[in-house]
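Q: Let me begin by handing over the structure; questions about it come next.
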């Protein structure tokens, strides 16, 4: 149906305007950061129209000489490992929760939800005390383990949901087809829940990647992650805005392709990937 | 060799008994249908044979071996599921080859066996498609092929046709029949569709509330239902039931006296009350006729429904209501006065309290 009445056109125009305003509002900080990243240090605080050509790549070279690349690598390692481990444990756990007939699932779901809802500050103090005694402060193992308090409940919870959508008959058919439970899980249930698994992995990675708080408390210098390392550009007497802008771009770029993949799979996993 | 024996098998969930004292021997090569309304325990029974459900009471013997605690894969059974349960990410070939691959059958033999099964089912052109690219009937054929390719001793079918549309269901039903004639394997088939049961079965087991109500050939369960439940469940439209009371002269009359039977076709013993069953197709209707014999009555057509070949007439005999099935051409219509005739041999009499059929 095409509505060409003036009334509808006005409504549509208002809608479009509001949407554009919101998009601009959301995109402005990103655009600003992009602009800052290319501005010469002395032009950072000048309005762009006064010196539009004071653009430079120096900021990018400067940052490679700082600690930031190492912090970025730390972020990759810790977010990556905590995602891998969370998947290794959480995917089978989600399968068990979705398909086994044991009682007590309610308690399990309650604890999982609690873990997901509870603020990190609730975990970080006991973890810190534990780590001080165990010598895990400023280690990869410590940080990965801490991130798993975020990623494991997330993966388990979402895989529970994904596996619930895989029909029981599919697994029963595999068992009738000579498969052991492990094989039925690996060969049949997991591929059927693949969109959910991809989405869960990406979301887990992003949670760890974006973390600031755990890293701030648990790391010192060796394993500092990128979000915390950004703070190093704020010194006692000055703030290196250009470097912060470059750093935030470096933090955002790697997750853009992930977001693109996640977008597709999250929609798929929400719409029920396994249909007759 | 592959006789399946269920020896007083039972399944209970806590205090709920889903299946009680299921006692039956399924003969080699027999096509046995478990029929009943939803929740009667027929699927549970099938799943106990498959090994997907544990058996809480009794013994299951397949080919002379006790199978209660044997893994599903080692029971020599294959199952076809209601919603096909095809592996969505695998091609038709891989779906059918799955069991053979897991058994580590050589690749050449897998190729050969899947190829032959696909040919049997007319699936050769679809072997490289994924299930999502198949029609409902084709999917069901793949599911059947997946069972056949394993050459099991016993086939189990769990309402395999209920997801198909009516037309396809008739076609697949005939295909299943041909297939069973060709393979001759022992088959257990669960359905709630009496037409499937009547057409496919060598014997039908009718279940109600977790209990076997009757076991018999399609002919037997139709002609000689064991109780009121079976009588009402088999046959479409369902049997008419009338409560009859014996008066002082020994005649049997309906509550308000509309229908009078001089005697019952069976010996009712000392009972003063019975329930009479008359199948709609066993009521002879003559337009404008006059009652002549003992079992003839005057009736009025209250409603007529044309089904095509047949018509259903809702008849009023005094205050009693009877549904009759008559030929679809020139049948009496609403408002007509008709004569109806019952035949003593086609009447069913049930105990008013227990519902058990009374026979001489």
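Cβ atoms are placed via backbone N, Cα and C, with glycine included.
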Q: Which residue range, A:28-53, A:184-209, is the one TrEMBL calls transmembrane segment?
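A: In TrEMBL, the transmembrane segment feature sits at A:184-209.
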Q: Examine the ranges A:4-23, A:144-163 and name the one recorded by TrEMBL as transmembrane segment.
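A: That would be A:144-163, per the transmembrane segment entry in TrEMBL.
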Q: Sort out for me which stretch, of A:76-98, A:144-163, A:184-209, A:241-262, has the most Cβ pairs below 8 angstroms to the transmembrane segment (A:110-132).
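A: If we count Cβ pairs closer than 8 Å to the transmembrane segment (A:110-132), A:144-163 scores highest.
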Q: I need to check the long-range neighbours of the transmembrane segment (A:144-163): which residues 6 or more away from its ends have a CB within less than 8 Å of a CB in the stretch?
A: 78-79, 81-83, 85-87, 89-91, 93-95, 97-99, 109, 112-113, 115-116, 120, 123-124, 127, 136, 189, 193, 195-197, 199-201, 203-205, 207-208, 211, 214, 218, 269, 273
